[in-house]
Every structure is written in C-alpha cells, then in structure tokens.
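I have placed the structure first, in the form of structure tokens, so that the comments after it can refer back to it.
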Amino acid sequence: MTKKALLVVSFGTTYEDTRKKTIEQCEHDLQLAFPDYTFFRAYTSRMVIDRLAKRDGLIIPNPVEALNAIYEAGFEEVLIQSLHIICGDEYHKLSSEIESFSSKFKSIKLGRPLLTTIEDYKKAVHATLDFFPELKQDEALILMGHGTFHPVFPAYCALEYMFHQVNGNVYIGTVEGFPAIEDVLQKLQQTHCKRAYLAPFMLVAGDHAINDMAGDELDSWKNLLEQNNIDPIIHLKGLGESQTIRHLFIEHALDALKA
C-alpha cells in the first residue's frame with residue numbers, strides 16, 4: 001500500500017491562542033478531509049521556528065526539513081497545502097524548494113494559497129464580511145494585510161476592489177508595501193467615517209494584529225485612527241477562524257491532486 005503524506009505549511013505564529021484557533025484548526029480540517037494521509041506540519045518563518053524552540057521547546061521544521069523527514073520515513077506520495085494568503089515571497093520560495101524533491105517521490109503536489117482565482121477572492125470577501133455586523137454609512141472596515149514587495153503586491157488592490165463590489169466601506173491596508181495605512185486614511189478623509197472596525201486579513205491574529213494594528217504605540221493603526229477622529233473597534237480574529245476560509249484550503253488541496 002502506498003504511503004501518503006499530507007504536509008501543511010504556514011508562516012507560523014508565536015502566539016499560542018491564535019495558533020490553536022487558526023493554524024491548528026486548518027490542519028485539523030485538512031486531516032479530516034484526507035484521512036488516508038499521514039499529517040506533517042512545517043513553518044516558513046525562521047524567526048517563528050527559532051522563538052518557539054527557545055521559548056517553548058516546541059520544535060517545528062521548515063518545509064525542507066519536513067520533506068526530508070517524510071522521504072526518510074518511506075512515503076511515496078506527498079500532498080502539500082500552503083496556508084499563505086497570496087502567491088508572494090513565502091509561497092514562491094516554498095514552490096522552489098519543492099522542485100528539488102520531485103525525483104524523490106512518486107508524486108508531490110502543492111495546493112495554491114488562499115487568493116489565486118476570482119472565485120477565491122469572492123469567497124474570501126463574503127467569509128470576511130460574515131465576521132462583522134452590517135456597516136452603517138458612517139462606519140468602515142479596515143483590514144490589515146501583511147503586504148509584500150513581491151510583484152504580486154497588486155493582489156491587495158484587487159481584493160479591495162472585490163470588497164467594493166459588495167460594500168464600498170471596506171478598505172485594505174498593508175504592513176509592508178502598498179497600500180499603506182496612510183493611503184487608507186487619505187481615502188477616509190474624503191468620507192464621513194466616525195467609526196472603523198480594525199481587523200487582520202491574515203491567517204492568524206498574531207504580532208502584527210496585536211501590536212502594529214491594535215497596540216499602544218503612537219504609530220499603531222488604532223492610534224492613527226484616533227488621531228484622525230475615528231473611533232477604532234478592534235477585532236482580533238484571524239482568517240483561519242472562518243470555516244469558509246478553511247474549506248477553501250481544502251478545495252485547493254483537492255485541486256492539486258487533480259492536476
């Protein structure tokens with residue numbers, strides 16, 4: 001009987017509470033969807049891997065280490081599902097690393113990240129809006145994406161456009177690259193916004209959400225809103241808490257097997 005491995009790859013997080021609600025819930029649902037596969041986990045962030053090992057004694061491999069372990073354990077078929085949001089640096093690095101293992105396995109497949117097709121965007125938009133009450137005319141929803149300097153950065157602009165097909169009071173900003181929070185604030189100055197929900201458009205509600213978005217530093221998004229006379233309403237839930245989002249990753253894994 002062919003030995004089959006399921007490797008779920010995410011950026012990772014050092015925050016245990018959100019990890020259990022998001023990454024581990026995604027992993028759990030994927031395991032249920034592929035019961036004939038033995039589960040493995042990998043993180044792509046070396047900083048997260050090192051901090052978890054030092055602080056908690058929790059050893060999590062990177063993708064190359066995980067694939068080597070899978071190979072040495074005698075697995076012949078590998079299904080890898082990325083939990084990244086866009087096809088940015090982390091995903092392209094993962095894809096490149098996998099290529100070096102193509103000759104070691106009978107089959108090695110990679111499921112695409114969250115946002116790749118038009119339908120992915122539409123489903124992600126509705127799943128995100130389900131977290132919130134209907135926005136009033138003087139309210140906005142500001143979503144914090146990680147952002148990237150990779151050529152795929154316009155994905156965040158496309159995402160905002162997709163949101164505006166449903167609700168024009170939703171704005172996307174990113175920690176890195178474009179659009180920045182300053183771009184969002186400039187748009188809000190042209191509206192009558194008095195209150196804004198602040199939420200991460202990230203798999204987890206980790207360091208960026210807790211500190212860069214909702215922290216007490218003067219340049220946190222929360223404080224920048226207050227400085228612009230907009231009351232912030234903090235929403236600390238990662239996308240991985242959405243069943244719809246988790247099911248999208250399962251769909252992408254199934255698509256990978258068909259390819």
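All positions are counted from 1 along the displayed chain.
Just so you know, glycine gets a Cβ as well, placed from its N, Cα and C.
Going by what TrEMBL states, the Co(2+) site holds Phe11, His146, His208, and the candidate of Glu176, Glu241, Glu251 recorded there is Glu176. Candidates Gly88, Glu90, His92, His146, Leu203 (recorded positions) were compared with Glu176 (Co(2+) binding site); those inside 10 Å Cα-Cα are His146.
Around the Cβ of Ile86 (substrate binding site), a 10 Å sphere holds 23 further Cβ atoms from the protein chains shown. DSSP assigns Glu176 (Co(2+) binding site) to a strand.
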